[in-house]
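Participant: In case it helps, TrEMBL gives these features for our protein:
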ACT_SITE  S152  active site, nucleophile
ACT_SITE  D323  active site, charge relay system
ACT_SITE  H355  active site, charge relay system
DOMAIN    7-75  domain 'Partial AB-hydrolase lipase'
Amino acid sequence: PDCKMTTPEMIRHAGYPCEVHNVQTKDGYILTMHRIPYGVTDTSRKGSSRLRLKRPVVFMQHGILADSSCWVANGAGGRSLPYILADMGCDVWLGNVRGSTYSRAHSTLDADVSEKYWRFSWQHMSEQDIPSMVNKALHVSSQRSLYYVGHSQGTLVAFARLAEDPEFNNKIKMLFALGPVTRLANLTSPIKSLVYLNRPAFLGMSMFGGTEVLPKKAISQWITAKLHNQIAYQGNNMMMYLCGVHLEHYYKDRLPVYLSHTPGGTSLQNLLHFSQMVESGKMQKWDHWSAKENLDAYGQETSPEYELSNIKSPVALFVGSLDQLAHPVDNKSIKLMDINNFLNLQIPQLDDWDHLDFLWGKNAGVVYNKISKFITEHERKGH
């Protein structure tokens, strides 16, 4: 049944409470967040009084072409991090960035017809979406800071915000970066070939406007539910080709669920921004492909790099040895050269892990236990 459910329905079906919260960014995008305020094993208080308890807040941000469903697609029973965190007493918030399944609304623009709506990349998510959602979670929970768990693009937008905004660092107790994305110089996925479409695609976008890429449609969910065996096989082949995933790492019975909720949509400009990073080998802002426009936007003729050395919040990197998208070599260079505030969590080397093992892997508990243990110890010390 999870194939046809929304994220809140999946959460409630698993036996957990779920709230839906909306927040509007300064540029008009209306984002939807899914909150699990407490777990099913929480017996600290009964009824509505449980909502008044101050709990450690954990904000979780999905990656590119995903949405909040990716965090709970494995179901309950110790398989999904949001449920584990809720059961240990955390207030869990699942974010959804602009253009994804649950965040397609806007104060003035219609995502279905307006090309202007789709003129954004992960830079806009970092500047607008992430601070808006984090501030919303802190306001509702009456807290001053929270733990941030990101996967893939969800780590990239956090790194960018932390590098640019000193005040935002004060709101992040710890960043847990799963499959972290910064530089893409050593990307080995076939997605790397997209770089050759950079300029033709940008020219097309300039002429015809922004456009949506790979949205989730109801028909795809229906087809997946009806033909899940064939879809699962073909879907696995596609994911193995593009992301280097390994079917034997995941729960086979959940593959139709993964595929019915993926992809979750994004903009062409966002994909182009990633391809710019592949081409340059740098973590940089959107390149307007015009010295004049770059000068107007940034005060210089080229797009600036993010200064990761500005990050003050503690960071923990979780890197898979088989990750073709967040390559270990790129992450090793980040650790050695840029971010200074790494925590030694005695993180085991994640051999035989690919990019999606952090979400759906049978062995994901290795990482989840580390995150849970650190939060528990950090809170016990009164941070």
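Placement of Cβ uses the backbone N, Cα and C atoms for every residue, glycine included.
Since the structure is predicted, the reported quantities are computational estimates derived from the model, not experimental observations.
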Participant: What is the interatomic distance between the Cα atoms of D323 (active site, charge relay system) and H355 (active site, charge relay system), given in whole Å?
Facilitator: 5
Participant: Tell me, what is the mean pLDDT of the domain 'Partial AB-hydrolase lipase' (7-75)?
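Facilitator: That stretch averages a pLDDT of 91.
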Participant: Cα-Cα separation of H355 (active site, charge relay system) and S152 (active site, nucleophile), in Å?
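Facilitator: Roughly 8 Å, rounded to the nearest whole number.
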Participant: For the residue listed as 'active site, nucleophile', what residues in its own chain, 6 or more apart in sequence, show a Cβ-Cβ distance under 8 Å?
Facilitator: H62, G63, I64, A66, L178, G179, V181, L325, A326, H355
Participant: Tell me whether D323 (active site, charge relay system) sits in a helix, a strand or coil according to DSSP.
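Facilitator: DSSP assigns D323 (active site, charge relay system) to coil.
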Participant: Counting across all protein chains present, how many other Cβ atoms fall within 10 Å of the Cβ of D323 (active site, charge relay system)?
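Facilitator: Result for D323 (active site, charge relay system): 29 neighbouring Cβ atoms inside 10 Å.
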